[in-house]
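As written in TrEMBL, here are the features:
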TRANSMEM  92-116  transmembrane segment
TRANSMEM  122-144  transmembrane segment
TRANSMEM  165-186  transmembrane segment
TRANSMEM  206-226  transmembrane segment
TRANSMEM  294-313  transmembrane segment
TRANSMEM  325-342  transmembrane segment
TRANSMEM  367-389  transmembrane segment
TRANSMEM  401-425  transmembrane segment
TRANSMEM  437-459  transmembrane segment
Amino acid sequence: MGFGGGSISWGQKLSFGTGHVLNDLCASVWFSYLLVYLQYVLLIPSGLSGIILLIGQIADAVATPLVGILSDHGQCCCIGGQRLCNYGKRKIWHLIGSICVIVSFPLMFVGCMGLCEHSNGIGYLIILIALVCLFQFGWAAAQISHLAMIPELTHVEAERDELNIIRFSFDIITDILVYAIALIIFSQSSHNLSQVTAESGIDFMILALSITGIGIIFTVIFHVGVDEKPIKIERPASIIGTAAVSLKTQWLGWFYNWHFYRVGILYTAARLAHNTSIVFVPLYLQETQQSAEMLALIPLVMNIAGLLGSGLLKITIKLYGKKASYAMASLMGLISCIWLVIDTNLSENAATLDPLLGPPSSDNAQFYLLASMMGGGAAMVVILSLTSAADLIDSNTETSAFVYGCMSFCDKMSSGIVVAVIQGLHSWVCQEGCTYFYAQVLIYGVGIPFVFVIITSLLGPKTQSEQQEARTVKNYGTCRTEEATSLIEYVH
């Protein structure tokens, strides 16, 4: 069965789900271990480490709308006189992005290459930042092109939701795979270290090379198994030749639709809750002097909970609707934050009475349950926000990459700025050491986005007419032709 006809075979769905595995594998290491690697292996100060991550997020943020615009236009390169757009305007950008990721990502974890000792490591920092920017451009190209295929391949809402759930289920499965591999590597390390130190560089290099190899296999499966056949949209003869003008008009039209901003805030808040949790949980574990194995074990538990949550979403959406599902997932995450407040305060008070008790323990069943609720809630709101974005786009598939690009721009910029600010504060406040700094980061940095998710989800359309209005792109200075499948405009 082909795409676009409202009936997608499971083989095609699963092949589509593999298209983001390489990105997901690398993102797990990027968010969970990059700051740990920079701070504890390369011994780069926390403030500078945050700036490096911010530069990468800015590169990603700038690339996402750019790739979205080029992908919507169907722009691509020609090799040997052959126009590669025939391969599929989304798939070609996915291929370009995947190649950039495959080349750059492993090189970020090969160590200083003898450059750290020269010029105070400036040469290595320049190379590292260049690799980070190349990686983030490639990541953005693959992400946006993959997301933009969903509303193009089917305009059946249930199938779009299913594709998003399958896509994110693969994300969580690959996260679990990353942390399982990390657990094996860290636990079998020849250095036999209780914590990550400068001697752990070889472990991170093996991890990066391993997941890149696995990602290449899944990328090949995607490109072989998915034949991009977007929904055909018939245009009246009177507007043939004005497609470029129409496309620009539809881009501008989104900015007159307040639901575009609502879904953008919803998507950004959901991503911020998810990204903050996976970035700072490992740093919290390092701060509280947990073992190196815990750097893999706790994120592993969080992602298993996310996988179980994603499996329940299809049922909860069908029975209770998306608003109730948003509320359930967000409350789960907020409970974990409140729980962490209580646990931290109790541990701090106990340590005041008996300094030998030290920081709160992260190796007991209570903390595993807390981490499960935080990881499960964050994963569920991300999936729901993606389905809301697909619902917003609906049949306006010509601008789908632009919409995802704008939302991803806000997501990447906010995540980068938040991480850089937090790391800058850590460098300033914790010069003599901190015990509970990253605990507070998890409480407020994850809890506040969950509150925004609840508020913005409740502002969504209720009636069928409001839902249709939310999907309508208003185009000013243009005329509308009546078509059942798409919005087609042309300039007077």
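A Cβ is built for glycine as well, from the same backbone N, Cα and C atoms used for every other residue.
Highlighted: of the candidate stretches 206-226, 294-313, 325-342, 437-459, 294-313 has the greatest count of Cβ pairs under 8 Å to the transmembrane segment (165-186). Long-range contacts of the transmembrane segment (437-459) within its own chain (CB-CB distance under 8 A, at least 6 residues past either end) are made by residues 262, 265-266, 269-270, 272-273, 276-277, 280-281, 283-284, 287-288, 322-323, 326-327, 329-331, 333-334, 336-338, 340-341, 344, 360, 374, 377-378, 381, 384-385, 388, 418, 422, 426, 429-430.
In this chain, the transmembrane segment (206-226) lies out of contact with the transmembrane segment (122-144); the count of Cβ pairs under 8 Å, excluding pairs fewer than 6 apart in sequence, is fewer than 3.
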